[in-house]
Each structure stands twice: as structure tokens, then as C-alpha cells.
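Chemist: Quick one: this structure, given as C-alpha cells, is what I'll be asking you about.
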Amino acid sequence: MTRLMCLLMSLSIFVRGFDSQFVDMSPASNASECLESQVDAAAFSKLVWPYPIDPAKVDGIIYPLGRTYSNITLEYTGLFPLQGDLGMQYLYSVSHAVGNDGDPTKAYISNYSLLVNDFDNGFVVRIGAAANSTGTIVISPSVNTKIKKAYPAFILGSSLTNTSAGKPLYANYSLTIIPDGCGTVLHAFYCILKPRTGNRCPSGSDYNAYFIYETIHSDCQSTINRNASLNSFKSFFDLVNCTFFNSWDITADETKEWFGITQDTQGVHLHSSRKGDLYGGNMFRFATLPVYEGIKYYTVIPRSFRSKANKREAWAAFYVYKLHQLTYLLDFSVDGYIRRAIDCGHDDLSQLHCSYTSFEVDTGVYSVSSYEASATGTFIEQPNVTECDFSPMLTGVAPQVYNFKRLVFSNCNYNLTKLLSLFAVDEFSCNGISPDAIARGCYSTLTVDYFAYPLSMKSYIRPGSAGNIPLYNYKQSFANPTCRVMASVPDNVTITKPGAYGYISKCSRLTGVNQDIETPLYINPGEYSICRDFAPLGFSEDGQVFKRTLTQFEGGGLLIGVGTRVPMTANLEMGFVISVQYGTGTDSVCPMLDLGDSLTITNRLGKCVDYSLYGVTGRGVFQNCTAVGVKQQRFVYDSFDNLVGYYSDDGNYYCVRPCVSVPVSVIYDKSTNLHATLFGSVACEHVTTMMSQFSRLTQSNLRRRDSNTPLQTAVGCVIGLSNNSLVVSDCKLPLGQSLCAVPPVSMFRSYSASQFQLAVLNYTSPIVVTPINSSGFTAAIPTNFSFSLTQEYIETSIQKVTVDCKQYVCNGFTRCEKLLVEYGQFCSKINQALHGANLRQDESVYSLYSNIKTTSTQTLEYGLNGDFNLTLLQVPQIGGSSYRSAIEDLLFDKVTIADPGYMQGYDDCMKQGPQSARDLICAQYVSGYKVLPPLYDPNMEAAYTSSLLGSIAGAGWTAGLSSFAAIPFAQSMFYRLNGVGITQQVLSENQKLIANKFNQALGAMQTGFTTSNLAFSKVQDAVNANAQALSKLASELSNTFGAISSSISDILARLDTVEQDAQIDRLINGRLTSLNAFVSQQLVRSETAARSAQLASDKVNECVKSQSKRNGFCGSGTHIVSFVVNAPNGFYFFHVGYVPTNYTNVTAAYGLCNHNNPPLCIAPIDGYFITNQTTTYSVDTEWYYTGSSFFKPEPITQANSRYVSSDVKFEKLENNLPPPLLENSTDVDFKDELEEFFKNVTSHGPNFAEISKINTTLLDLSDEMAILQEVVKQLNDSYIDLKELGNYTYYNKWPWYIWLGFIAGLVALLLCVFFLLCCTGCGTSCLGKMKCKNCCDSYEEYDVEKIHVH
């Protein structure tokens, strides 16, 4: 059990010598020379066994001092090694041995004593990592043996010197830590190491290296030599003036352990894992050494084990890891020990765990920090003018304090350091600025007040003093940053000192008849006393009085002053008050600097640089731009007081943009433990230093990334992601813009990879399914409807916002971030709250899409199942019997007239016989009147004309009896006039329909435009809400919250450390309050959007995919169909329905019961029972059923009622219940309205692309909504709609002579064609009976004269 316990006990040994201040380190070594050594660094360095720091195994972690934790995970900032650090490997070896007897005469070591390392924050040591295993002996690489643990030895100091050969040695006091007693003792002493002069010693000849050694066979046997290594060290150095010597016992074992050394103002601290957690790795402080001088360097002392040749052993390497100020995530077990840890600055995955203070992170996309480009240079522009002339301060007689002199400088360069170096400064105090900042800033003016003043009275001039100096002589103004310098003037400065110091001790005005009323006249800050105008330049005696009588114009009275004289000192003593005023312009006062090439901006365009422009400092990117603003004003600012443009001295206008700073997200898959990094909304070409990204969380650069091949996507630059053109329908890692990260273990079995793959989300359109009846209940039942279209916008998500808390509050300034630590886990809670809101968004959107997504789509006619007649929606089929052919239209005259409704019957009757004889027989009846069409064809004209003429001609021959032949003509005229009258009546009725129907249409249009206005207004509010919130948050950055400036850079540049903390703390408080309000608003909006997303899902499923029975849920009135399209941050619905326009009031009951015992009751289904509209109740009252959405009484049947239990609200009936009849259909046919609506409607599903990029541009739909409002106004002034009369087309057949002429013409045409084709041409015979003889004449022959060619 002893080996399992912490046995490192404090056995501090203090040995006092002759001097009480020092301890006695005797005996000194009596060796005349130092042991010989062979330094073979190559042999030690070629053996490499890497042991990187693994925080998961608690490597190198020093337990927090003075506190403990149990069963908790937290972030802790302190001194830790870097995760993955390989450290420096050191190895000890055995010595040379001649034989098996005697001591080896030569040590075999590496060159460790020649290497000096920076101590910085300290280091930790891994000891015995390979103990108990088999390894190589360095001196004999071919021999393997069991490895033993070896403790390291160190020298630590603050100053160095060299030997004559140029080898480093420690000077002055040094802390030496030496293991001894064969691993059972640890010595620590603080002495001056004086090199010994013997042979092979540091100050002697043939010096090679110093080291320590033990002789195994003699020092490590039954009696352990506790000082063997110490004595060997004394052979190289004499230990002089040692202030302490401590020793600690160690249990000898081969257990691996950790050892650490740190330093602070309390001294040097030693830490060990043996004290409290021997096998766990937690290091606890076990000693604090009184070493207060800052340690700068350390050296590993070589160590050699002298052994016999046949008993050599291998010694485990130890590893030294530097400590850094880091943030670690620590996991404390129930017993209080650290069992897991993560270096928050190691990589993006580590940062993810630390951002959410958890070792277990679920699969998702997380916002963790921000990437900010580092400055690559400096650009300075300031007046290139002469040096400010301070010579008046250095010549002449120094003025008295009441007659101080003032110098105001502008348009010059000052050297305040050079000025103050001329004086012996006794006090330098500032207000609103630091002494260092006032000497290196640019100002619009610099003012210096100077005067002779004894340093013995400097307390009277300090702020808050109420003595005579601030009352009557000089009062420092604090309106602007100011510094006060009290100094004495050396003899080599030419300024002349006055005979004595003097000041005004009294300045009053005497008034009254006897001048007995005295009024003190005090001065204002920075102003002269009124008594100064008539006071002497110096007072000849102490208490000297001086007066001046005021004129009547000045108000009368007497001014009286008293002067006090102070003896002059040996050297003139003076006071200087320096005040500066901030501003910008070409006449600024700037320090004299060696600018080098910082004046050139041309080679820095497009790069992130630190700039100082006439006193305006910052960091940004300069680009050539089109000039804006007033050139004389030089600087162009935005509404948040940020510099956006600058007119340079080279004549160009440069835009100033912030350096790249973008949010960084980590894509993490828990099942594979893989991650990728997303730089939001930035091109990869702008992220030039991504491999050394600065982490606001850890205040350091992230040191590792697994991939250096970034992939450009629509959402930003991603590393750790490859693009294989995948398409998925389900995504657990949405990136936005319809992009998804797919882990290596994907849904595709044939696919595997070692990193994430980029995929595109593919959503299908929702389908239209069978509609169901609408439902509702109202006392007034609709009897007529109008067609309405309602538009509705539902916000389903808000833009994801991630605010880097530290970046927002501190803008990257380390001083601010250190103060922010005092606010605890506030920033972590902010990040967690925003991430929670973003996860809530992802969950609600994913749930929404999952609920509304369908796997297939159908056309309209297949999607609308049931008793729907969709023939009206189809293209009419040409060729039916109801259509005339094209030949008939060509051969007959066609006349189309208005048809009041009887033309078709008349036409069918006329086809049954001769039309001229059946005209009167085919007369039609309309409302009791016989009617005929108002048209005659030629046959009927001939018949009626012949009848009329015959009756007239024969009237004289037949004594009027032939007049009866005119009766058919008269009847024909009467019936046709009746037809004209009936047509006029129908036209009159249609005029009424025109007014009524179009008025209804206009009402629906007005309602539609009104809902469009409301919907657009909601879209505008939803889109602008995020931009307005971000603008408000950004505007708070310009709020000073009571500090001297809203810029931390200005505060750091102007104030000292104490004042910086107070001013920055005000900004932190204010900005955290603003950020907290913003986060609270985001959480509320996120929850509201999530609830709205559920509502949108319900509406898609109930309104778009089916017909809703809820009145008013899917638009106004009775729902018919709805459509949805994508809109910013939500869905835009178009609901189509019927809105009642007329109602009838009926007497209704909730149910009906008889008087049986128990009573038998029935209740209506989707309607209610109504009476027969009688005015009184009686036994014979008849009850009917009507639907609640349309008034149409019908008998009570099994289809419209059901049996229920009795209820007091049901109507009691005296008679028996009517027996239910068979089902009676009461469907209402809306095919006309459906035809008009579906005629030009195209429905498709929305593109469910996630909107991830924050848009701070405000959406303004006011103009569009104003236009819609004007349309509504104009619709109120115009009404028209037409109901078209039925058309009748009449074909009039041609008479016989027209047909005869038509046939003759055709015969003539055919003969002409025949003779042209068959009876023309030479030798042609027509039908073999005609022959052409001389129809082809031959041509005459001519003699042709021959032509001879010579």
C-alpha cells in the first residue's frame, strides 16, 4: 500500500552557516579535476519515441490551486501544455566502463548543458513513460534491457554568461533542482554557481560539459548515498551564498509521473502527480520556493549512471512541455479529480466542446467562434510639416503661476519625449489619457501652459485642492484629456529663473458706499484671474497689496489683490499642463515618427492593415473607390460613426472596409467523431490565413486543422468537406441554401469516404388529395355565395444569428477579454442560448418539411377524387354532333343571333320536313306565348309573299274570302314579334345579373387586395424584424455607456491601466446588457416562429392537401382549395373559398327528442334541424335538415342525422319522430366557379431552401401596398360584369338557280383544264379523232459562213 500512496513529504532541511542570511552547503568538493565526458548528441537524438500531450488522459494538467470540484464540467483558464505538443525529449545513459570492477572513468552524455531554453510560463515533465518495458541502452544500441525511470535535473536562472570557450553558464543566483539517492531524494537550492577551475571544469582547461552522475553498484545498494549527484555537481561548481536548500524524499518505484515548475510573485512553485493522484496524472503543488527574481532560462543537466559492463540498464526518456496561458475544458469526477480535459484552442472540434461546455456533443451544425484576418502591415498618414516650436518655454524669464504662459500648437509635429528629457521630472499625472499615449497621439490642437512653481507646493495644484492656487491663480481644466508635469530645470537649460516664486493669495471686489462689501473673484478652469491684469510681475514682499479702481462702465467698486512671495529654490522648479483636443484635419498635431514605407498605401490595397490617419486609428482594408462626400472634410463616416472612406494626400479616395471577420461553424457527426469547419458567407480566397485562425474563446490561434483544401459553397468556405454531387431528401446536418453535409456512413451502401460529403437537398411538391365537406354552425344560413381569394403569410423561421460574445463586447482586445472573464460564464450562456434558438429553428423547420413532404405527385384530375365533373377543365373534343363542319361553313350562309332559349327546339322541328311549310307548325312556347325566330330564309320569303299577294289580288274576286290566305303571314309576324319581346325581356334580366354579379366580383376583388396588403405587410415585418434587431445591436457599439469613448482602442491609447479597466468595464456592462436584450428577443422570436411553423404545417396538410371543414381556418368562408409558395422566412398561402353574401334566418334546434322513456334523440350531422318556417309551434310542426354552409331544407334521413343520448338543450316533440328515409343527395354543383378558377391555375410545391445568410437590408413594400390600395379605391368607382346570352347559329341554304350556276361554273372549269392539258402541242391528238397537221411550222434554213482562224 505504501507504493500506492503519496509519499512525497516535505523534509525541508535548513542548514545555517556563519551568516544568518545564507545556508551552509559544505563540504565543498576537494576534487582537483572534473570527470571526463564524451558528448555525443547525435546518438541521443536519433532515438525518438514521441509522446504528445493528450488532455483526454489528463497529461500535464496542474490542478487548480485552493479549490476543488466534484462531478462538474467547466472551463478553466490557466497554465496548460498545448494539446498534441511533442515537447522536448531528453535521455540519460550509462557511462563507459572498462571492466566489471571499478568506477567508469568517462561519462557518456548528450549536449544538454550547452542548450539554454526560455522559461516563459514554466514547464511540465513527463517522467518514466516507458518504465518497465524493454528498450535500448544508448551507449550500446545493440543491447536491449529493462527500462528504468530516471528523474531530470535542471538549472533555472535569469542571467547568462559564457566560458572562455564561449559555452553558456548561468550568472548570479540560479535555482538548481537535482534528483539524488538513486531516485529517492529531490534537492532544490538557490545559490550563485561559481565555476571551478580544475581540469575539465567550466573555468579550467579541456572543459567539455557539466553533468551529474551516480555510481550504481556503490551508491544505490543497501546504504543509499543521498548526496551522490549533489557531490558530483559540486565538482563542477562551488555553491556560494545559498539562500535555501530543501530536500524531499521520494518513494523509489517505476510508476510514470508528472512534475512541473511555475513561477509568480509568490515564488517558484513545484508540482507533482505523486502528491494526491499518483496514477491519475493530476499535479498538485507541493512546495513554493522563495525565488522572486524572474526566471528567464532553464537548462537540463545531463545525468550519467556509472555501472559495471555486465549490469548496464536502459533509462526511460523524459519529456519537457512548455506551459501556456490556455483555456481548458475540465471534467471533474465525483471524487474531485480531473479525469478528462480538452485544449479549447487545439482545433475546431475542441473549440466546439468548449463553446458548449460539454464533452458529449450531438450531431449538428454549431456556431463556435469567428475568424478574423490579421493585419499584414501599417499605413500612417499625418502632416509632413515642421517640428512644433517649444523654444519660448526654454528662453526668457519663467512666468509666475498667476501669469502663466500658454502655447497652442497646430499643423506641426511634436516630440514631447525630447522636450521632457530636458527637465528632471518629479511628477507626471494625467486625466483622460495616459502619459505614454499623450506622447504618441495625433490631435487637432496641443496646448501647453507653463509657469514657475515650487515642488514643495505641488499638492496645492492637484485636482480637488481648495487652496489659493486653484482659487486665484491657476485651475487645471479637465474638459479635454490633460496631463500635469512637475519638474526642476537643470542648469544647462537657458530659461531664466525669477527672483522668487509668487502667487495671488486674495482677489476681491469691494462695493458699497463705504466699500465695505467684499466679493471674492474666483477663476474658472483654464482662465486667468482678473487681478492678474494689474498685479506686478513679481512681488517684492510677502503680503504685497495691489489695487485698481473700476469705472462706472465696469460697474464701479475697487479691485484688491494680495500677493504672496515664496523663496526661490536652488534650481528653478516649474509646472507644465499639457492638454490635447481630438479631431481630424490636415492641420493636426502629430508626433514625429520614423514612418519608413508606412506612408505608402498603394502596395497595401486589398490587404488588412493597421492604419493611423491624422489621429484616426484602426484596422481595415483600403480600396480605390468612387469619391463620395466632401473632399475638404477628408473623412467619410456612416451612421454608426465608423470610418468608411478617406481622401488621401495622394489625391485618391479610398474606401475603408473592415478586415475579414466571419462566423465559424463546426459540422459534427457524433457517430464517426468527424468534423468540418464552415466559414460563413465568405469566399475561400479571402480566408488566406485560415490555418492559423484566431479564437476569441481561447485568446490564441487555433493550431491545427485536418484539411488544407477548402471547398467553396453557396454558404461559405468549408474545409473537411468534399463535393461528389450527391442529392438527398433527408438531412441531419443542414448548411443552408438547400445544402447538406453527409457523414461518411451515408444512406448509400455503395459509398464510403473518410470525410463529409456535400449534398443538395431535394424536396418534392405536396399533392392535392380528395376534398371533404366543409362544416360550421351558425344561426343564419347562407343562401348565396361569392367566390373569394384570401392571401395569408405565416412566418415559419427567423434568420439564424450567431453573435460572438467576446468579439462583440471586446473587439479582440486582450485587456477587455481579461476583464470579461470576471463576468463568469455570461458569454458561454449567450452562445448556448443563441445556439439553442438556432437548433429550435432547425428542429421546427425539419419537422415542418417532414410533415408536409410527399413522395409523389398527381395531376389535378387524378388528385381530385369523388363526384367531381372535370370535363369543363379539359380541352373540348372537335368532331361531335354539336359542331358544324368546315365544309358546311363554306357552302352555306351563316347567321348567329341571340337565343333566349327556344331556337334549338325550332331548328330540330324544321329539320323534319320542308322548311317553307313547317314554319308555323314549329312555333315554340315561351311563358305561354308562341314565338318564332326573327329571320326568314328565301323559301319562306317566297311562300309568305305569294300567300300575301294572292290574298290581296283575289280579295275582289272572292268577296274578301281570299283574305284568309294572309293569315299565315300575319301569324308569322305575330309570333316573330313575340320572339323579339321575349328576347328583350331576357336582355333586361341580364342587365340586372350584370350589376349584381359584377358587384359581387368587385367585392371579392376588394377583399382579395385588402388581404394582399395585410399579407405583404406581414412579410415586410418578418423580413425587417431581423435586420432591425441587428441594426439596433450594431448601433449600441457606438454608445459610450458613460465611458470617454465607445472605442476600446481609444481608451487603451489614452489611459493608464487603472483607468482603462474602469472605462472598459462600463463598455462591457453596457454591451452585455444590449446583447442580453437582443438574445432575449431572438429567443422569443424563435419560439414564436416555431409555433407558427406548426401552424403552417397544419395549414399545408389541411388546406393544401385537402379541404378544410373549419370555417375561416383556410381563408374566408367555406374552403375549396389552397395553394402555397415559398416566401422569405415563411410560406405564402392562397386560399380559395365561398363567402356567403345572403342569409336566411331559421328556427333551429340542436337536436330532437320524443317523449319515450327513456327518450329517443337524434342530432344533425354537419348541419342542424329547422322548422317549416311556420309562425307558431304546434303538434303538426314539421322539422327538416339543412347543412350549415348552404340553406337547402330536406327530409331528415340516416345520412344527415345520428342517434344520441338525451340532453336538456334538445327540442321536445309531441309527435313521433319521422322515420328516417333513404339517403338523399344534396350536393351543390359549383362547376361554373371551379371552371373559372382552375382555368389558369398552375400549382407546384415550394422550394424549401433554408435561408441562412443574414440580410440586414430592410424590405420596403410600402409602394406596392399603396398601389394595391389605390386599386381597391378605383374598383369602388367601377362595376361591370356580363352574363352572356345563348347564341344560335342559323345556316341559310342557297336557291336552285345558285346551285345551277355553281355546277355550270365547275363544268366549264373542268373543260378548260382538259383542253389546256390534252389538246395543245405539236402532234397531239384529242381522243384519237383530231390530228394537228400544220400546227407546227418548220423554221427556214440559213447558210452560215465559215470562219477561218489563222
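Using the three backbone atoms N, Cα and C, a Cβ is placed for every residue, glycine included.
Annotation comment: Swiss-Prot describes 1-12 as signal peptide. Taken from Swiss-Prot, the feature domain 'BetaCoV S1-NTD' covers 21-356. According to Swiss-Prot, the N-linked glycosylation site annotation covers Asn71, Asn162, Asn172, Asn241, Asn384, Asn492, Asn773, Asn1142, Asn1145, Asn1172, Asn1240, Asn1255 (among others). The annotation disulfide bond is assigned in Swiss-Prot to Cys191-Cys242, Cys344-Cys354, Cys388-Cys412, Cys430-Cys483, Cys442-Cys590, Cys909-Cys922 on the grounds of sequence analysis. Marked as region 'Fusion peptide 1' by Swiss-Prot on the basis of sequence analysis: 885-906. Among the features that Swiss-Prot reports, region 'Fusion peptide 2' is placed at 904-926. As annotated by Swiss-Prot, coiled coil applies to 1020-1064, 1257-1285. For 1296-1316, the entry in Swiss-Prot reads transmembrane segment. Under the heading topological domain 'Cytoplasmic', Swiss-Prot lists 1317-1350.
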Chemist: Just the number: how many Å between the Cα atoms of Cys388 (disulfide bond) and Cys483 (disulfide bond)?
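Modeler: About 18 Å separates the two Cα atoms.
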Chemist: Can you give me the average pLDDT across the topological domain 'Cytoplasmic' (1317-1350), rounded to a whole number?
Modeler: 52
Chemist: With Cβ-Cβ distance below 8 Å and at least 6 positions apart along the chain, what are the contacts of Cys922 (disulfide bond)? List them in sequence order.
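Modeler: Cys922 (disulfide bond) has long-range Cβ partners Gly905, Tyr906, Cys909, Met910, Leu932.
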Chemist: Return one of helix, strand or coil for Cys388 (disulfide bond), based on DSSP.
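Modeler: In the DSSP reduction, Cys388 (disulfide bond) maps to coil.
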Chemist: Roughly how many Å lie between the Cα atoms of Cys354 (disulfide bond) and Asn162 (N-linked glycosylation site), rounded to a whole value?
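Modeler: So the alpha carbons of Cys354 (disulfide bond) and Asn162 (N-linked glycosylation site) sit roughly 46 Å from each other.
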Chemist: Closest to Asn1145 (N-linked glycosylation site): which of the disulfide-bonded residues Cys191, Cys242, Cys344, Cys483, Cys590, going by Cα position?
Modeler: Cys344
Chemist: Work through the recorded positions one by one (Asn71, Cys483, Cys590) and name whichever has its CA nearest to the CA of Asn384 (N-linked glycosylation site).
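Modeler: Of the recorded positions Asn71, Cys483, Cys590, Cys590 has its Cα closest to that of Asn384 (N-linked glycosylation site).
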Chemist: What's the most sparsely packed of the disulfide-bonded residues Cys354, Cys412, Cys430, counting other C-beta atoms within 10 A?
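Modeler: Among the disulfide-bonded residues Cys354, Cys412, Cys430, the sparsest Cβ neighbourhood within 10 Å belongs to Cys412.
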Chemist: Can you tell me how far the Cα of Asn241 (N-linked glycosylation site) sits from the Cα of Cys191 (disulfide bond), in Å?
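Modeler: With the alpha carbons as reference points, the distance is 6 Å.
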Chemist: Quick one: pull the CA-CA distance for Asn172 (N-linked glycosylation site) versus Cys191 (disulfide bond), whole Å only.
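Modeler: Approximately 8 Å lies between the Cα of Asn172 (N-linked glycosylation site) and that of Cys191 (disulfide bond).
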Chemist: If you count other CB atoms within 10 A of each CB, which of Asn71, Asn162, Asn241, Asn1142, Asn1145 wins among these glycosylation sites?
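Modeler: Max Cβ neighbours within 10 Å, all protein chains included: Asn241.
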Chemist: Are there any residues in the same chain, six or more apart in sequence, whose C-beta is under 8 angstroms from the C-beta of Cys242 (disulfide bond), and if so which?
Modeler: Phe22, Val23, Met25, Phe189, Tyr190, Cys191, Ile192
Chemist: Which of the three DSSP states, helix, strand or coil, fits Cys483 (disulfide bond)?
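Modeler: Once the DSSP labels are grouped into three classes, Cys483 (disulfide bond) ends up as strand.
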Chemist: Relative to the Cβ of Cys590 (disulfide bond), which residues of the same chain, six or more apart in sequence, are found under 8 Å away?
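Modeler: Sequence-distant Cβ neighbours: Gln382, Pro383, Asn413, Tyr414, Gly441, Cys442, Tyr443, Tyr614, Gly615.
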Chemist: Which residue among the disulfide-bonded residues Cys191, Cys344, Cys442, Cys909 has the fewest other Cβ atoms within 10 Å of its Cβ, if you could check?
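Modeler: Per-residue Cβ counts within 10 Å for the disulfide-bonded residues Cys191, Cys344, Cys442, Cys909 bottom out at Cys909.
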